[in-house]
Ligand code: DMJ
């Protein structure tokens with residue numbers, strides 16, 4: 001089924017928005033998000049590995065040809081360093097590792113080089129935004145006193161380690177190792193990492209902590225850096241398990257109805273709200289369970305299962321059976337959005353992502369059932385003639401479509417659905433880690449490194 005869904009999403013993108021970043025499935029035209037400046041083709045690059053895995057060979061071939069002929073980074077564009085890294089660098093790296101086609105390696109390294117000027121700050125903590133022609137960077141004007149964002153500069157590690165590996169140029173890995181060094185020098189309030197860090201002073205901005213937006217994938221990349229290093233990156237491992245310990249103590253709570261949730265922390269005060277984005281953490285806890293210190297493996301799996309259940313409830317308590325952007329545990333509600341501007345669903349993957357990890361790690365059939373419920377809801381409410389669209393209010397009985405087919409729907413949501421219903425030996429966790437946009441990157445096995453050294 002996810003293959004049919006992919007075909008519908010891809011065919012319509014191709015028909016109405018080919019070469020542009022994303023598709024507007026209602027108005028049947030291209031959609032440009034300013035996150036990518038005027039780099040083009042986000043949906044193509046994000047979808048490459050999904051097409052490959054689903055064995056959509058014709059489509060993969062036309063996507064590759066587009067990349068060869070048209071993907072151009074010599075443009076005057078201000079881009080989001082984080083978004084371009086996770087979608088474009090990540091997408092190109094995965095396409096290279098899966099297909100072995102040199103063009104993807106070349107483009108990934110070329111783009112990586114374009115991103116390097118973002119690190120020209122007094123601390124080496126990169127800017128959020130970069131003009132890839134002039135090399136001038138800046139931060140989001142809304143981010144706490146000129147700060148960079150934890151989830152942005154903390155979500156470069158996996159891709160940059162691979163860029164060094166593939167190019168032979170150590171500079172990429174050096175840049176991301178320095179980010180860790182800066183973080184490790186700083187005092188952390190209650191052991192937590194604030195979402196904001198000033199790249200000039202090297203000091204934290206506002207003490208806001210989140211495992212959802214602005215924080216999320218920083219934690220994910222600590223764990224995955226360790227896994228991707230074949231468990232040799234002890235620093236990443238320690239940072240991850242220490243952070244989870246602080247998160248458990250200060251952010252994880254249980255509602256009176258028995259639902260475990262991860263709250264947000266604002267200068268010591270809890271906001272009892274959980275984002276759809278935060279739902280990825282169920283899968284993360286389960287993935288990290290195996291290495292958990294002090295015999296805590298079972299506990300981390302259990303935590304993953306509880307987060308999965310809570311996020312499933314957030315879907316089940318809507319009329320469309322698709323979850324809202326954020327849901328609350330206060331004012332007498334549990335796992336329900338109360339604010340109008342938190343009721344939307346934009347084809348995000350995190351809940352399905354967690355089902356996929358929980359399925360692989362426990363084989364409890366309920367995760368496939370829950371994934372199936374999501375498929376039915378997507379087909380009923382998000383599928384339109386011209387592709388798939390987000391929904392403005394999941395509690396309403398009538399769809400109000402937002403008219404965007406997000407590129408992560410093809411790279412993540414549909415890929416995780418496909419994996420949920422595939423055998424475990426398709427991209428096995430011993431050999432692959434998924435970047436935060438669901439692009440698989442190979443584990444760099446200790447032996448491979450030795451082999452290369454022996455050869456030179
Ligand atoms: C994706 O770009 C990535 O999953 C990122 O980590 C968070 N936001 C979207 C999906 O919701």
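Using the three backbone atoms N, Cα and C, a Cβ is placed for every residue, glycine included.
Feature annotation from TrEMBL assigns active site, proton donor to 83, 325. Per TrEMBL, the feature active site maps to 216, 350. As annotated by TrEMBL, disulfide bond applies to 279-311. Residues or ranges marked as Ca(2+) binding site in TrEMBL: 436.
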Within 10 A of the CB of residue 83 (active site, proton donor), the number of other CB atoms across every chain shown is 21
Cα distance, residue 311 (disulfide bond) to the residue listed as 'Ca(2+) binding site', nearest Å? 19
Would you mind sorting out which recorded positions among 311, 325, 436 put a C-beta under 6 angstroms from ligand 1? 436
Of the active-site residues 83, 325, 350, which sits closest to residue 279 (disulfide bond) by Cα distance? 350
CB contacts for residue 350 (active site) [other CB atoms within 10 A, all chains]: 23
Looking at the active-site residues 216, 325, which sits with the largest number of other Cβ atoms within 10 Å of its Cβ? 216
Whole-number answer please: how many Å between the C-alpha atoms of residue 325 (active site, proton donor) and residue 350 (active site)? 11
Would you kindly give the Cα-Cα distance separating residue 350 (active site) and residue 216 (active site), rounded to the nearest Å? 11
Taking the Cβ of residue 311 (disulfide bond) as the reference point, list residues of the same chain whose Cβ is under 8 angstroms away and which are at least six residues distant in sequence. 276, 279, 282, 323, 350, 351, 354
Residue with minimal Cβ packing [other Cβ atoms within 10 Å] among the recorded positions 279, 436: 436
